[in-house]
Amino acid sequence: MSQKDPCQKQACEIQKCLQANNYMESKCEAVLREMRKCCARYPEGRSVCCSGFEKEEREKRKAASEGIPPAPQ
């Protein structure tokens, strides 16, 4: 039996926020921050919900190691 995804609650909150705000990410920064915090608490691959955030972090680290400045938020 598989365990519940530890960041599923935050992922659902993001979806609710986006739907309520006509998919404007800028209106959901607080819930996105909470999702990133949750994803940071677990080893990579532990949460399926975090896969996109983990990819984003890997790309940031790669760019930083290559001396590319981060994209504006």
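Cβ from N, Cα, C; glycine included.
According to TrEMBL, CYS39 forms a disulfide bond with CYS50, chosen from CYS28, CYS49, CYS50. Candidates considered were CYS17, CYS38; TrEMBL assigns the disulfide partner of CYS28 as CYS17.
Of all the disulfide-bonded residues given, namely CYS7, CYS17, CYS28, CYS39, CYS50, the one with the smallest number of surrounding CB atoms inside 10 A is CYS17. Among the disulfide-bonded residues CYS17, CYS28, CYS50, the residue whose Cα lies closest in space to that of CYS38 (disulfide bond) is CYS50.
Only CYS7, from the disulfide-bonded residues CYS7, CYS17, CYS28, place their Cα within 10 Å of the Cα belonging to CYS50 (disulfide bond). Cα separation, CYS39 (disulfide bond) to CYS17 (disulfide bond), rounded: 18 Å.
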